[in-house]
Amino acid sequence: MGFCLALTWTFLVGSWTSMGAQKPISWEVQRFDGWYNNLMEHKWGSKGSRLQRLVPASYADGVYQPLGEPHLPNPRDLSNAAMRGPAGQASLRNRTVLGVFFGYHVLSDLVSVETPGCPAEFLNIRIPPGDPVFDPNGRGDVVLPFQRSRWDPESGQSPSNPRDLTNAVTGWLDGSAIYGSSHSWSDALRSFSGGQLASGPDPAFPRNAQPPLLMWSAPDPASGQRGPGGLYAFGAERGNRDPFLQALGLLWFRYHNLCAQRLARQHPHWGDEELFQHARKRVIATYQNIALYEWLPSFLQQAPVKYAGYNPFLDPSISPEFLVASEQFFSTMVPPGIYMRNASCHFQEVINRNSSISRALRVCNSYWSRKHPNLRRAEDVDALLLGMASQIAEREDHVVVEDVLDFWPGSLKFSRTDHVAGCLQRGRDLGLPSYTKARAALGLPPITRWQDINPALSQNNHTVLEATAALYNQDLSQLELLPGGLLESHGDPGPLFSAIVLNQFVRLRDGDRYWFENTRNGLFSEEEIAEIRNTSLRDVLVAVTNMNPSTLQPNVFFWHMGDPCPQPRQLSTQGLPACAPSTMQDYFEGSGFGFGVTIGTLCCFPLVSLLSAWIVARLRKKNFKKLQGQDRKSVMSEKLVGGMEALEWQGHKEPCRPVLVHLQPGQICVVDGRLSVLRTIQLRPPQQVNLILSGNRGRRALLLKIPKEYDLVLLFNLEEERQVLVENLRGALKESGLKFQEWELREQELMRTAVTRQQRSHLLETFFRHLFSQVLDIDQADAGTLPLDSSQKVQEALTCELSRAEFAESLGLKPQDMFVESMFSLADKDGNGYLSFREFLDILVVFMKGSPEEKSRLMFRMYDFDGNGLISKDEFIRMLRSFIEISNNCLSKAQLTEVVESMFRESGFQDKEELTWEDFHFMLRDHDSELRFTQLCVRGVEVPEVIKDLCRRASYISQEKICPSPRVSARCPHSNTEVEWTPQRLQCPVDTDPPQEIRRRFGKKVTSFQPLLFTEAQREKFQRSRRHQTLQQFKRFIENYRRHIGCVAVFYAITGGLFLERAYYYAFGAHHMGITDTTRVGIILSRGTAASISFMFSYILLTMCRNLITFLRETFLNRYVPFDAAVDFHRLIASTAIVLTVLHSAGHVVNVYLFSISPLSVLSCLFPGLFHNDGSEFPQKYYWWFFQTVPGLTGVMLLLVLAIMYVFASHHFRRHSFRGFWLTHHLYILLYVLLIIHGSFGLIQLPRFHIFFLVPALIYVGDKLVSLSRKKVEISVVKAELLPSGVTHLQFQRPQGFEYKSGQWVQIACLALGTTEYHPFTLTSAPHEDTLSLHIRAAGPWTTRLREIYSPPTGDGCAKYPKLYLDGPFGEGHQEWHKFEVSVLVGGGIGVTPFASILKDLVFKSSVSCQVFCKKIYFIWVTRTQRQFEWLADIIREVEENDCQDLVSVHIYITQLAEKFDLRTTMLYICERHFQKVLNRSLFTGLRSITHFGRPPFEPFFKSLQEVHPQVRKIGVFSCGPPGMTKNVEKACQLINRQDRTHFSHHYENF
């Protein structure tokens, strides 16, 4: 009988294919996305259309803010009170479980609002403390996340246009759950072969979910499995939520392919598209018929009205009331478990996750399961469908089983959630009306009492209504639609739900132009419609499973007594496996260490770059030494080779150093690994030497204690090594005739007993304090106390004697200097090789308190080498040579002889070969004042401040004279107190004639008296209040740098404005993006700094457009823009950009962390082009953001590039390795490439970098092209001259049209050293000269190799010299020297080169009577020794010869000499002044310029200029050299500018 029924059904299904659709596609194919179903309202029912309300929205603000606590009950409290109850209550209508899940399937075909909206908004559900499921520990802070659904962005604007949610699927019964809601989705499901849907390895199953399908792949809450693996490709995005929905999806999948196969057999000439569309049309029609005419009546217990035809004016859109009503009513009928049975009515046992056996599938453990062990074959799916058809559903009431109430799949970090509470929140999100308003809107009788909602429930279980009423404060008008509709249900949906559902389905049918019963759409004929009406879900099941129809009841949505295969019993939670508990995921779990390492690595970029720069600098320095031949070892005697190796212990906190110990006749020599002498210990009798050996710790320590020396402590590797030295030492001591004692101590006691070098230094410091307290009458308390640790140390301090080395070190000289030897021999009266306290005191008294006669007698005795009471000319020459040693000056013997002869001749002793003391003292008669100031310069002893000030003035413009009065008073310039000094200590500032010293060196007569150096008026000006001084200093600072301040203010105002604009936008104006809700501080900081960085890195290019700057500085713009400060501005911008880059990176570190802990639903809103919310929730790990995204990877690379560029561009490394700076700074090309890529990805906002970058980049490229057109022209070198001190003078051709000004600089590249490495040098030629010249000092590897290359050629002619590339000229601030009536040029070190051109240019212009505004130039040359720049001396000599109008005043300062008036400096000063007076030239430089010893005190000099040039209101000061010097000049200018007098405008450049 069953077999006959199956054959009959097959005939019926096959008959419509042969009778009907015989032609290819001849009808209007229905779109997959639902558009154009209604030809007047095209969007009705389409995917993404609004939900259509039946009742006006109910929001807290009338627009979009949902109602919630405290106005409405807590959702969890409400679900516990109204929906909790026991499971196992059978349906009163005997509805089957298959009908319940078919309803879910229909619902998924009609509506989907689960997709979260953007920006992410949350209505989190607060869990009451102590909740047994979600808060068993009673923490009280558990919150179940609930994200609001996607809404129409055009809604939610006003109360008349409240927020409306959008439908993510089509709002038609068009099989979108089978075929998808878009054409692309459908294409991904199709096989494009035979009109079938694509299947996997098993034809009964579709292919697995894979791109481009974006199936919802939420994690399995029971097992934690994630990913798309094991999920099937369905038309419904959430078709894999549980095996029961999967089974229905598989049913329709197989039914479609079955229809396509039969059509293919009937019409073999049809193609894939024809077969697919015919099969789809028939499946949809069957689906519509079953849903509306079979399932809906079983659900509502009432049939819809008869179909009256298509109504184009009826809006079929899904209502939010229908969504909540149907979904929530289905949830009350879901049982805790689902049976499986076969065709012979055998109910199977199922395998659980833990491999246990149970009678049914537990619903709570089946959500989002992958590769379910009970559903691996088509027969398993059939068994599940048959089991659902035979199983009675739960009762249709208010009770929801725990599988849905407590263990529904959770979202975000929670694996479980409360489905009912979620639906309540969804209703509030939808703005659903109250229960009473909904009834009134649908025309239902009003309810006024809680008991009237459900009289049966009120009688049987009144506590539910009472608890619900209590939660709503007994206010029935506040009762929400969802709980009210459930509470009125009993066996069937209540009147409210029934009305809502029936209304929706009638509108869906009557408003659908493609409804299968609509004969006007041309889809089906009357006969085909009749056949479809006669097809039921039972027929579909029989056709797909190929089973005997008798195994199924006629209506599979009900099971009545007598139907086949009754269920064993109504399932309850008993006997079923327990639900897997709720868990909370930590998205950042396992990432903390790696994240920290990554951030640490990024922070180490500067350190790595610093280490690399240090290595490069060391290598360059080493190579440089090799080039200079300075890397060879110290030249030592042969006898030093082969000493004993040991480690010298220097103290408890000092590191040990490896040494070699050499025993030599009469001394012990300690050297380092390079054979440089570290220490020499003299062995002279009758010294008592103590040799102490350690007796523990391997017996490897040795202490050699020698009187009047600090101890020598040596450590050896082995005792045998120590023993060898001990034996040799004993022999050496015996040979020297010294007594020695030897004993052992523990190593700790040995080191405690040892006197270290540091302890000896403290002892000597106290020695000197008490020594000078005897001479200078210092209070003993201020002199310090002797150590009182032990009587032995007190005795050592009192008997302390200085060795020759300590004596030399105290004077700051070398022990082998002739001055030290002479002085030490004179002071060492007992000849024991040491100076005692009394011996040092005797000679110190003469220096500190002696008369000029006593001092000159002392000097006479020092240099009377043969002790005959006479100084010969040879001894006088040796004395003079000892003075000159300290300046490293090597005058020839002839020059020294000339000096001595001139001094003898000046004093009338030209006929004498030897001098008595009286003759010697008479020779020094003109320098009595210098001798009065002569002291012994000892480190740590300062000269009184007043004397120092007067002495500084003595070196400048004044010529001091001795005060005639026996006692005068001097007023300190910084105070109002007067200090009295004796005539021997003070030079009188009153009788002063400043101009004489300036004019005299030029041999010109002084014609007028110049103002005094310090006047009373000046003193009053200086003694004004500190507030006035500060105000005046600020005023002058503003006046000096007004252009700089203006430009910097404008630039940083723009930068700050850009930062604030972006920061404000993301703080207050980017709510629609939602990113500030996720990372507020991080995004504000990163985007604000990004805007500023984009502006800075773009416009920093303009500061390097040298050609443009050189051109613009000649225009009127130079009055407003300080173009000469372009390089400083470049550094300022770069430094600020680096700081902002660090802040930008810090902001993104915060962003990455927050993105790494934000769920995918949030990230998909923030980055829709990067992420798709597929329900997996887990975000990408931190390393994905850093290294697998374009902005992240380019950002990391940018940090590395910037770290390299910044470190190598620092002043220190640029000075040590210019090539490293040159090469690394060319990474700017990579920098801008990465910046463009980094900013063009548009991860957060649209690219904006090009807005700032385009214009500066074009200007910069144009400027570079101009330089390129110049720098590739080969320039011939006319002359190359190797000057002393490593200076190379290059003279080369002047290119045609090459115009420049004095003080400008160029860049050159030597073709022999590479055509890409350019180095900047200042032109030392004057603009009027026909050739260009440079003076290049060999200060680095490149300049050293340049010097080697331009060594004198073997042949003749300049063709032998390598050619140059030239780029320039470029301007600097020194060009403005001619704009001041009086200019001061201060050059230090290599910084003097810009002034060579200026001096020559000035003299030339004055010689040709050219009108020059500048009337006077003071040139101050500061150098360690004049030998460093002999070439500049030649230029100065040329200037002096051509300076006929006395325009230039030159002062040379040699800083290597001591600044204090000690004996040797005094004698050197006397000889220098004598040489200058006799020959009108300096002893050191050979120039008429005044040579000073020490550093220039700029402040007194500038004060004197105010007196010398009182009519000049503004003096220009131009300094170039080391930063320390330029800072001192700047400080002096600031101090002078505090006074309301002459204004000093300072311009500087550091080298």
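The backbone N, Cα and C atoms fix where each Cβ goes, glycine too.
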### Message
I'm curious whether Phe1129 and Arg1215 share a membrane side according to Swiss-Prot, where sharing means carrying the same topological domain name.
### Response
yes
### Query
Can you tell me how the residues of the region 'Disordered' (197-222) break down into helix, strand and coil by DSSP?
0 helix, 4 strand, 22 coil
### Query
Could you give the mean pLDDT over the region 'Peroxidase-like' (26-593), rounded to a whole number?
92
### Query
Apart from its near flanks, which chain residues at least 6 from the ends of the topological domain 'Extracellular' (1066-1080) lie with a Cβ under 8 angstroms of it?
118-121, 1087-1088, 1150-1151, 1154-1155, 1158, 1162, 1165-1166, 1244
### Intrachain neighbours beyond the topological domain 'Extracellular' (1173-1188), with Cβ under 8 angstroms and 6 or more residues off its ends
115-116, 214-219, 226-228, 238, 411-413, 585, 587, 591, 594-595, 598, 1152-1153, 1155-1161, 1163-1164, 1196
### Summary
Checked against DSSP, the composition of the topological domain 'Extracellular' (1066-1080) is 9 helix, 0 strand, 6 coil
#### Entry: Within the topological domain 'Extracellular' (1173-1188), residues counted as helix, strand or coil by DSSP
6 helix, 0 strand, 10 coil
